[in-house]
Amino acid sequence: MFNAQLVDSFKGKETPFYYYDLKLLKDTLMACKEASVSHHFHIHFALKANFNDRVLQLIKDAGLGADCVSGGEVKKAIETGFDAKKVVFAGVGKSDREINYALDNDIFCFNVESIQELEVINELAAKKGKKASVAIRVNPNVDAHTHHYITTGLDENKFGINAWELSDVAETLKKCSHLEFLGIHFHVGSQITDMNVFKSLCVKVNEVQSWFEERGMPVKVLNVGGGLGVDYHHPDENAIADFNSYFQIFKDFLEIKSYQEVHFELGRALVAQCSSLITSVLYVKHGIKKNFAIVDAGMTELMRPALYQAYHKIENISRQLDNSDIKNQESKIINYDVVGPICESSDCFGKEVTLPETKRGDLIALRTAGAYGEVMASAYNLRPDIRHVYTEA
Ligand code: LLP
């Protein structure tokens, strides 16, 4: 929410920048903790969604673990101070170097995505005289009903091991004396808003855990991944995701045994709403059919619209204040294509966006940019480094 005082504090700051509302982040973390603690669920934050130092520090302080998908993320988590015993390392293509780094740091668990990877981890652990804990990522063939680029749990996706390979997995695990089988791991996709998807996931998790247990292989960890979606259309009304309903589904539908831990890897739902990309209007062009508001941020700072046609709410936060009662001021409402300065036609944040009449110098907020925002930035067109502004109260 951008009140007059906040927008005033942005004056004179060089744009574009990522604005972080750290109070909202703390409130979100608290809501997540409160909703999960009574169920004894363990939450790992998916660093891939955001690895801003201030953000990670707060997440670590809140007691969450870290879900990493590269050696770089494992290193970042350890350097931030996450307890190595709360660090998991997932990813379909872990290099020997990355595996060795994680072994040296005695992380909690590798989420393993192929039989060959099991053999490699076993070999590398043997060389160090260590035992690596592993969870098997199973591809559950559950449709996440989300954007096809961020669906991960279908047979056609590259992630995880297919159910029909489980016998080979069990045999490999028995042969590999430097591996300890800890549990099973799933992740069906991201930005999931249909809670039935998670119910279907629970059914699969139950099937797979029974499969292992029937073969005398106790499953100590059920890792159900992340994926809880957020409301990109109403960032103020739904600033904090409905963690209670989400966790309740797993409580109701998972068959959880007394010796089992349930782990989650949430990214987006924890960080998306606490940040907006703030950009200035450089130029306004009025065409015959279209009006363009050309802003100083581009797909280099926020790639999601260009890459996935993702929606981010766009607000003119300068005008919204002057015209808190727009009607009285008879301010014009105009539709703009809000576009960036990058030399690509896909460098567009929104088409036909309804805004109060917009002028050079106005500040525009691209909302819900805290997840997969600055982490996906690039230096294409030799763009400057990302800048930040934070508020804590
Ligand atoms: N666990 C695994 C194995 C994952 O692959 C992911 C996300 C997560 C957890 C966290 O999912 P979340 O709770 O954030 O939905 N760049 C895309 C999203 C890619 C998601 C990749 N995996 C976007 O901007 O929408």
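Heads up, residue numbers simply count up from 1 along the chain you see.
Using the three backbone atoms N, Cα and C, a Cβ is placed for every residue, glycine included.
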Listed co-binder of pyridoxal 5'-phosphate (same site as E265, L266, G267, R268, Y372, source TrEMBL) among G216, G227, G298, G340: G227
Remaining residues near the recorded pyridoxal 5'-phosphate site, that is with C-beta within 8 Å of the centroid of the site residues G227, E265, L266, G267, R268, Y372: A46, K48, A49, S190, G226, L228, A269, L270, A371
Which of L266, C343, the listed recorded positions, has fewest other Cβ atoms within 10 Å: C343
Recorded positions near ligand 1 among E265, G267, R304, C343, E344 (Cβ under 6 Å): E265, G267, R304
R304 (substrate binding site) and G227 (pyridoxal 5'-phosphate binding site), Cα-Cα, nearest whole angstrom: 16
For the recorded positions K48, R268, R304, the one whose C-beta sees the most other C-beta atoms within 10 angstroms: R268
